[in-house]
2 protein chains.
Amino acid sequence: MLRIIPLGGLGEVGLNAMVFESEDQAFLVDCGIMFPQAEALGVDVVLPDFTYLRELGDKLKGVVLTHGHEDHIGALPFLLKDRPLPVYGSPFTLGLLAPKLEEFGIRAPLTELAAGSSVDLGEAFRVEGVRVTHSIPDALGLAIHTPEGLVVHTGDFKIDHSPIDELPTDLQRFARLGGDGILALLSDSTNSERPGTSLSERQVGRALEEIFAKAKSRVVIATFASNIHRIQQVLDVSRLFGRKVVLVGRSMQQNTRIASELGLLDIPLGLVVDVEEGRRLRHHEVTVLSTGAQGEPRSALMRMALGDPNAPMPVDEGDLVVLSSRFIPGNEVAIGHMVNRLAMRGAEVVYEGAEDLHASGHAYREEQRLMLRITNPRHFVPIHGEYRHLVRHVKTAHEVGIPDSSCHLITDGEVLQFEGGRAFVNGTVASGRVYVDRRGGPDVPELTLRERALIAETGLVTAVVVIDRSTGALVRGPELTARGIAVPDEAALLADVRREVHAAVESLSPVLRGDTTLVQEEVRRAVRRAYKRSTERKPVVLPLVIEL
Amino acid sequence: MLRIIPLGGLGEVGLNAMVFESEDQAFLVDCGIMFPQAEALGVDVVLPDFTYLRELGDKLKGVVLTHGHEDHIGALPFLLKDRPLPVYGSPFTLGLLAPKLEEFGIRAPLTELAAGSSVDLGEAFRVEGVRVTHSIPDALGLAIHTPEGLVVHTGDFKIDHSPIDELPTDLQRFARLGGDGILALLSDSTNSERPGTSLSERQVGRALEEIFAKAKSRVVIATFASNIHRIQQVLDVSRLFGRKVVLVGRSMQQNTRIASELGLLDIPLGLVVDVEEGRRLRHHEVTVLSTGAQGEPRSALMRMALGDPNAPMPVDEGDLVVLSSRFIPGNEVAIGHMVNRLAMRGAEVVYEGAEDLHASGHAYREEQRLMLRITNPRHFVPIHGEYRHLVRHVKTAHEVGIPDSSCHLITDGEVLQFEGGRAFVNGTVASGRVYVDRRGGPDVPELTLRERALIAETGLVTAVVVIDRSTGALVRGPELTARGIAVPDEAALLADVRREVHAAVESLSPVLRGDTTLVQEEVRRAVRRAYKRSTERKPVVLPLVIEL
């Protein structure tokens, strides 16, 4: 028996976490966060629901990581802080994970899983790393030997025949596995809506060369700090054009150091200079390599755009800013704002357009087809994507001859069970999103977020009344405090609220006035009525009745 | 003397409103709203600041409208409700405006300004309508004869050599005006970042034909209700393929009626059927034409996607949904959500991709170049766009030989003054965004919105204490009510808050305790300290001290 249970990432982008479970053993593939849409509601991190992992107890033997992106490793500290499970991953993946665990004060056993080698997870599972190309180095697909047969999990992958590190997706190995017979393929669906094939990362280097050839002042390039190959290309092109490189942003500095120590990034001696030297150099001698391509409000690039005097480097008239990444949906407005501010400082900004400034790390449709053909699985499960991406990936599977009965479109929490070559959905487990205010803070229930959203939409009024316990008379109040409400005529409104509240309380018999809950509800409704008349809106009202 | 003063639209998308002012007279071009980003903060409408229009008093002779989009006419009712100025516009523009004014109970004199004809606004100004193509019929550019010379305002325009109504942008007239000598060109910058030329609307019709040819069940097409030519093409293609058309959404029904009455839309007899008949017909005999392409939460399409039983039409397995519009930045997440829900209902969704499913209504760079060349102005002012768009349009102007000294990059509130052929910025007037909760409600100050945003981020606590007036003793409280705050251990937190508040009040001398403001501030700070310890966050605290 084998059960495959996605706890996140199937039906959404991010939050990737998938359980593999046999009779007696289980392990987790990836444990990622999602970047919250609900940022305005004060949520910093979104985690998968760990309930089922807790239920697994000692059956859970460890976590295997496919690569080091936050949506695959970011939730791990929150899981490990209660129970330090063994973690397996490639050197760079573990290199990125280690400082995170350190920050949390977690000591968990980290074991390297290199491409081509295997680890055992209990007696039921043997997991082999298979090299794949992605927008981060040292990414793995997984060949998972299970009691029911071989399952291939692609991780996030693309097929780039000319990757910067000359380590392309190991098609030979996937083909060999396919020849041996694969029970199920679990394949990356992120780009299933895009026809054709993805751009080679090398093409971005050529586009950068053209841009550098024309640049007359500083060049500022913003990209993800984990995109080491992009960074390598920026370093190379900078050297070609006689520019020194200033690294800006904490993660940019940290990731380049880790990658360089692991031999994944080649930084020629003297090429990278610190901010002070960068400021001293003439403009046409400098490249600034920065994070913040998504318009993050506190990023170095945004601070540069806003002209913050404490920003690491200034942006001046004639500087060229290149946003070398895609726009993550939901960030368009923030990015647009940043571009406007850069334009106001006289910089030219190049992004998402005619030029090949970014190559996706995820397989396009033709690459997905190739993966399906080469692995030739008995069952297919689209993973990693919103529902529409999963649906489209199934359609692609049909196009290469995989019948509908062999395609399993499951989403978070659904249990896909394999027994004797058959696959079927066998119930669900707890899944969903867990919101965390910030590191160390408690989980935030969805109800709390809905309260925040409601107050944000309507504003809030507190109304305090004091009732004489013996007579039931309203002796004081309502005392009102309002926040987030626009009132055309404050005095008139206050008088109206007073009238409403007094009438409401007086309409109750002395006995009923002894029921605080009832009085509170009457006060709440009276205040809302008055506000509605005056502002056309019903705010959230917090009534408080004090009996003295 | 001539003063050109943008009150909105220069430095942002939407809110278009521009004052033309001579010594004694003035008029306004357009008066549009902006769709609020701050939707979560309960704001329904964003208006330009009308302060300067009020200051103009009787100098202000009227409003000339370029076309009927909300970002050009939507703020007009809010302006006219205080003062019913004369309004000039093309028949369709006034046709869309009239029901809005009716809703507000406004009676203002509406006068038709057809392409090729002129109106006087005071003695200083004569305004001629010049036909332009845009994503709405009956759109005008304006040739404005002023005391300082001729100013051409393009409105929103594109150059489509094969428009659906065979009424292309009147290049002859623009060329003639250019030959006569133009003081200043004010030209649409929206698409200045896009190279080449925009797609012809007719191309969308061809793409729709291909889609209809393959469709086997219902086809649902979502587009803007004002895009009458798109609607015409959907009607035509539906007839071609033997489908009846159901119109869904209030604005879709209203706009098609108005356009049809004006002869701008040709609806063959019997082609459009009502919802009941649409439900009776077989799936492959129906086209549903709907609003809601932007994922608006209450739109018909979203309700169909969510499977709302009260939605006008169901969406079933095998239906094809076409989003025939661009994604407005900020809406991507909502649209993505809607597409997922449609996919879950078994519909195939086609949007923004390989197919030519939408043609922009705004000139691309080559079209902007053509307008610059053909009008050959002495001065150039980029209008309608965010700052980055305006900057890029200036660059385009340079490329066709307009020197930097003749390009005037002004933004909202800046006064561009022309005198004796010279142009210079002469100070600023009040400008900015006015937030309105909803129709009829009062303006919402920005401070109020910031309060809402702050509460949404941190949650809110009210804390009431009762102080004995004679002794200064804390006789009751703190009574706490919290909203939007996640607390790991409520009892411990409450005990902690109590301790902090009591200590804070007791630390004050009896005299100081008589100072309610001071006590309140102490209570506020005490509550925040305790919450910070327990939740890692400082919520908004509303303290209330009651003296009895």
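Even glycines carry a Cβ here, placed using N, Cα and C.
Feature annotations, reproduced from TrEMBL:
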- B:14-208: domain 'Metallo-beta-lactamase' (DOMAIN)
- B:Gly42, B:Asp44, B:Asp437: Ca(2+) binding site (BINDING)
- B:His67, B:His69, B:Asp71, B:His72, B:His134, B:Asp156, B:His384: Zn(2+) binding site (BINDING)
- B:Asp188: active site, proton donor (ACT_SITE)
- B:Ala225, B:Ser226, B:Asn227, B:His358, B:Ala359, B:Ser360, B:Gly361, B:His362: substrate binding site (BINDING)
- B:His362: active site, proton acceptor (ACT_SITE)
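Sequence features annotated in TrEMBL and their locations in the structure.
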residue: B:His67; record: Zn(2+) binding site; contacts (Cβ under 8 Å, 6+ apart): B:Gly89, B:Ser90, B:Thr93, B:His134, B:Ile136, B:Asp138, B:Ala139, B:Leu140, B:Gly155, B:Asp156
residue: B:His69; record: Zn(2+) binding site; contacts (Cβ under 8 Å, 6+ apart): B:Gly32, B:Ile136, B:Asp156, B:Ser226
residue: B:Asn227; record: substrate binding site; contacts (Cβ under 8 Å, 6+ apart): B:Ser135, B:Ile136, B:Ser325, B:Gly361
residue: B:Ala359; record: substrate binding site; contacts (Cβ under 8 Å, 6+ apart): B:Ser135, B:Asp160, B:Ser198, B:Leu199, B:Ser200, B:Glu201, B:Gln203, B:Val204
residue: B:His362; record: substrate binding site; contacts (Cβ under 8 Å, 6+ apart): B:His134, B:Asp156, B:Phe157, B:Lys158, B:Asp188, B:Thr190, B:Asn191, B:Ser198
residue: B:His384; record: Zn(2+) binding site; contacts (Cβ under 8 Å, 6+ apart): B:Gly9, B:Leu10, B:Val13, B:Asn16, B:Asp156, B:Asp188, B:Ser189, B:Thr190
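Distance between Cα atoms for B:Ser360 (substrate binding site) and B:Asp71 (Zn(2+) binding site): 16 Å, as a whole number. Cα spacing between B:His72 (Zn(2+) binding site) and B:Ala225 (substrate binding site): 15 Å, rounded to the nearest whole number. Each of B:Asn16, B:Asp30, B:Gly32, B:Thr66, B:Ile136, B:Ala139, B:Gly155, B:Gly361 belongs to the same chain as B:His67, B:His69, B:Asp71, B:His72, B:His134, B:Asp156, B:His384, is absent from that list, and has a C-beta within 8 angstroms of the C-beta centroid marking the Zn(2+) site. The DSSP secondary structure for B:Asp71 (Zn(2+) binding site) is helix.
Under the three-state DSSP scheme, the residue listed as 'active site, proton donor' falls in the strand class.
Cβ-based neighbour count (10 Å, all protein chains) for B:Ala225 (substrate binding site) stands at 24.
Listed in sequence order, B:Leu199, B:Val204, B:Ser324, B:Ser325, B:Arg326, B:Glu352 are the same-chain residues at least 6 apart in sequence whose CB falls under 8 Å from the CB of B:His358 (substrate binding site).
Among B:Ala225, B:Ser226, B:Asn227, B:His358, B:Ala359, B:Ser360, B:Gly361, B:His362, the residues given in the record as binding substrate, the maximal Cα to Cα distance rounds to 17 Å.
Neighbour density around each Cβ, counted as other Cβ atoms within 10 Å, peaks among the binding-site residues B:Ser226, B:Ser360 at B:Ser226. Recorded residues B:Ala225 (substrate binding site) and B:Asp71 (Zn(2+) binding site) have their alpha carbons 14 Å apart, per Cα-Cα distance. The Cβ neighbour count for B:His134 (Zn(2+) binding site), using a 10 Å radius and every protein chain shown, is 30. For the pair B:Asp71 (Zn(2+) binding site) and B:Asp44 (Ca(2+) binding site), the C-alpha distance works out to 14 angstrom.
Of the listed binding-site residues, namely B:Asp44, B:Asp156, the sparsest Cβ surroundings within 10 Å are found at B:Asp44.
Working note on the recorded positions B:Asp71, B:Asp188: by count of other C-beta atoms within 10 Å of each C-beta, B:Asp188 ranks first.
Listed binding-site residues: B:His72, B:Gly361; maximum Cβ neighbour count within 10 Å falls on B:His72.
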